[in-house]
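Under the heading signal peptide, TrEMBL lists 1-35. The domain 'Copper amine oxidase catalytic' annotation in TrEMBL covers 51-423. Annotation source TrEMBL lists active site, proton acceptor at Asp117. According to TrEMBL, the active site, schiff-base intermediate with substrate annotation covers Tyr198. Annotated 2',4',5'-topaquinone per TrEMBL: Tyr198, in sequence order.
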Amino acid sequence: MRVNSNTKARTRAAAGLTVAALAAGATAGAGPATAQPKAAPAAAPAADCSAAYRIEQKLSSGTTWRMCWRYDGKAGLVLEKISYQPKGEPKPIRVLNSARLGQIHVPYDDGSVEYDDLTGFDFAQGLMNLAPGECPGGTIKSVKVPDSWNEDPNVKGLCTTTRSRGHAYRMQGDTANKVFQAQGKDLLVYTVNQVGWYEYMTEWRFQDDGAITMNVGATGSLSWDDYDAGDGRGWPIGKGASAKSTSHSHNAFWRLDFALDGSTKNKVEQYDSAVTAPTRGQRAPTTKTTRTKVTKELAGDSKAYRWWRMVSATGKNKDGHARSYEIVPGVTTKYPGRSYTKRDLYVTQYNKCELFASHNPGNCGPGAGKSVDKWVNGQTLTHPVVWMNIGFHHIARDEDQQPMPVHWQGFSIAPRDVTAMNPLTPAELGWQNGHWQPRR
Ligand SMILES: [Cu+2]
């Protein structure tokens, strides 16, 4: 059982003090996170939001990400109007209207309890102050929590920073001493939300190659009241076998409202490949890939050789190919215990009332249902919304104390034909598009 709201409020107040004490102990102005927000460049397009709610980062490799943020009383951080502008593109390319969590569902293995952390357990209220050192090299923005329980509703809770991710590419040139290589850079945007004993990191990673990776990391502490799994559904975590932590699942949902090239009339496609053993005369097995156009709402499952993409209704790259974003599912342990966790991916027709994958608070009309699986009912997709369900079965281990190391779950979306070439192609190689001929 988790702590109740009152206890949790006390817990959070105590944690807040810790952060304040840390901040007070730091030398004023010394932390990298105290860097001043950068002024918007003169060439910035018409603002989609006021400066306080704008995130704009030009990465050293030349790619600029732009977006607006707001903070929802249940969903927490919501990123909107997200656009990507690699070097060489004359203007920002809109990718998403809105990107946010859609639920974190936490059922315990012994059947004693399950939590819907966003809609039922005050995930958004639990926004935590970040110490400067938690946002290395970045900026911590102040977030006003709607209907805050605290005297001061403002939390220094949103970090935007950059991080290296290692090689973006490497290629040996045609002379022995020429190596083309680049180190990838990412914009990171994250918050930490406390729910009971847990602290969830909601991390959005915007890569300079156009990919977006979204992850939820769970840390904090194992639930203190769950140390007595006498029914054999836990794992011993203290000396001997007296303290057992009940195993449970974290089923995280994301809701992505795409708007490729500024239009929500995107098309969904599913690709499946089948591998066939060699027939007489063939030297190797053959693989055939087929495309299925998804024109109606979908409840889909991840599997080997399957992927989906969202295709722009209007935009083409300089090769004349329709722009798209591929959905790259992450590692998941699908929880079959509830109707809404039974499938990995849902695509629903946009409905402004459909915001949470389970226990949706809004009344979306008679018979509409309260969970995402119910909203897949055959509607034609003219404005598809993607819901991704990534599950993690948490069987505690001795190393989970103390604090519990962050365990991550999430997935990516990756550009497919958004640009005609690698968006990080160095100028010298810009001519090597398609079946190029060696130059003499
Ligand atoms: Cu857990």
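One-based numbering along the chain as shown.
Heads up, the Cβ atoms here are built off N, Cα and C, so glycines get one too.
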If you measure Tyr198 (active site, schiff-base intermediate with substrate) to Asp117 (active site, proton acceptor) at Cα, how many Å is it?
10
Looking at Cβ-Cβ distances, which residues of the chain lie under 8 angstroms from Asp117 (active site, proton acceptor) while being 6 or more apart from it?
Gln103, Ile104, His105, Val106, Phe123, Val195, Tyr200
Surrounding CB atoms that lie within 10 Å of the CB of Tyr198 (active site, schiff-base intermediate with substrate), all protein chains:
23
